[in-house]
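A.B. asks: I have a structure here, written as structure tokens, and I will follow up with some questions on it.
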Amino acid sequence: MTQSVPSSTATRSKVRRSLQFALFAVSMLWFALSDSLAGRAAHGLTTRFDLDAASPLLAALFLIFLLAVGFSLFEGVARTGKTSLRLAIGLPPRPTAAREWSVGAAIGWGIAVASVLPMALGRTLHVSFWTSQRAFGLLFLNLATLACSVLAIEIALRGYPFRRLIEALGPTWATVAMAVTLGFLHGFHPDATGISILATTIATVLLSIAWLRTHALWLPWGLHFAWSASVALLFGLPVRGVDTFATVIQTRAIGPGWLTGDDFGPDAAFFTIIVLLAAIVVLVRATSDYAWDYTRPEIIAAGYEVNPAPPAAHSAMEQQAAAKPPALVQILPTTSQSRSVDGQ
């Protein structure tokens, strides 16, 4: 009898972890399927209406929709009840949401500047400008595309699957598992290098910590977006080997690969790894208030009510005082010692 309770508790814990692993695997499969469906739907619509430039934006919007539907369904089944759509995808409504996004954007912009500044100082950047009306139109289109694409990626990775790993493994091992998994998958990129794989792994750790410090996607979304948008639109450099986002400003970096990342962009530069490691320290310091407000467990009073009995001597004194009748106070008449007004 004494061993049945721990045994049943261990069994329930194993079942719960197995369920979380299953939800993680299913959610990642749903991400892959949704990405394929969203791409095909966007390609079909843009081809039909001759809007090829809008295809990446539509694909990102369709992907966000499919992820939201799938993840909210998984969350509802796992919790056996109704669940909020925004909570299911990791975007809870909170008063500090805009400020969190801004803090993340500031850190992401800082990463981009710190990664590109040595290239500029080393005179490795060759910049050209395209100032036609179409270029500025594409600039705003690409800005919206990056914002939606980054949000879709954050929802797909940290909005739901990462939380399931946390439930199964704990925050530390979940972060390690996610970083190793994404680094491994990045290795299949045709232009991937050992440095780009390592940079992807560390970037995953950075964004995972951003989630762990806030328990929401507002900050990691802002960080990821500002980082990518600054590199692509502000500095005109490739992002993960893709240079189609650069419109008004187009830049070629000619210099050592450890500094420029060659054709892959700063994401494959060894210097960027140093910047990312420094950014982790900055992130932890900048999110101390959010970590206190949103991640610390609520303190709940526990234990048993304790009302110690009073000492016996004290109880006896109270009983004697209650049994003794109160003493009567006699009020005697008084005689005036002063003269009256009439002098009598």
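Placement of Cβ uses the backbone N, Cα and C atoms for every residue, glycine included.
Since we're looking at a predicted model, the values are computed, not measured.
Here's the feature list from TrEMBL:
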type	residues	note
DOMAIN	138-229	domain 'CAAX prenyl protease 2/Lysostaphin resistance protein A-like'
TRANSMEM	57-80	transmembrane segment
TRANSMEM	101-121	transmembrane segment
TRANSMEM	136-157	transmembrane segment
TRANSMEM	169-188	transmembrane segment
TRANSMEM	194-212	transmembrane segment
TRANSMEM	219-237	transmembrane segment
TRANSMEM	268-286	transmembrane segment
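So that I understand the layout, could you describe where these features sit and how close they are to other parts?
C.D. replies: Helix, strand and coil residue tallies for the domain 'CAAX prenyl protease 2/Lysostaphin resistance protein A-like' (138-229), in that order: 80 helix, 0 strand, 12 coil [DSSP].
A Cβ distance under 8 Å defines the sequence-distant neighbours of the transmembrane segment (57-80), meaning residues of its chain 6+ beyond its ends; these are 19, 23, 26-27, 30-31, 34-35, 37-39, 41-43, 45-46, 87-89, 141, 144-145, 148-149, 151-152, 155-156, 159-160.
Within its own chain, the transmembrane segment (136-157) has Cβ neighbours under 8 Å at 31, 34-35, 53-54, 56-57, 60-61, 63-64, 67-68, 71, 89-91, 178, 182, 207, 217, 220-221, 224-225, 228-229, 232-233, 245, 247-248, counting only residues six or more beyond its boundaries.
Remote same-chain residues near the transmembrane segment (169-188) are listed as 17, 157-158, 161-162, 196-198, 200-202, 204-205, 208-209, 212 (criterion: CB distance under 8 Å, separation of at least six residues from the stretch ends).
Through the fold, the transmembrane segment (219-237) approaches residues 100-109, 111-113, 115-116, 125, 127, 139, 142-143, 146-147, 150-151, 153-154, 158, 206-207, 210-211, 213, 243, 245-251, 253, 265-266, 283, 287, 290 of its own chain, all at least 6 residues removed from its boundaries and within a Cβ separation under 8 Å.
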A.B. asks: In this predicted model, what is the average pLDDT of the domain 'CAAX prenyl protease 2/Lysostaphin resistance protein A-like' (138-229)?
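C.D. replies: Mean per-residue confidence for the domain 'CAAX prenyl protease 2/Lysostaphin resistance protein A-like' (138-229): 96 out of 100.
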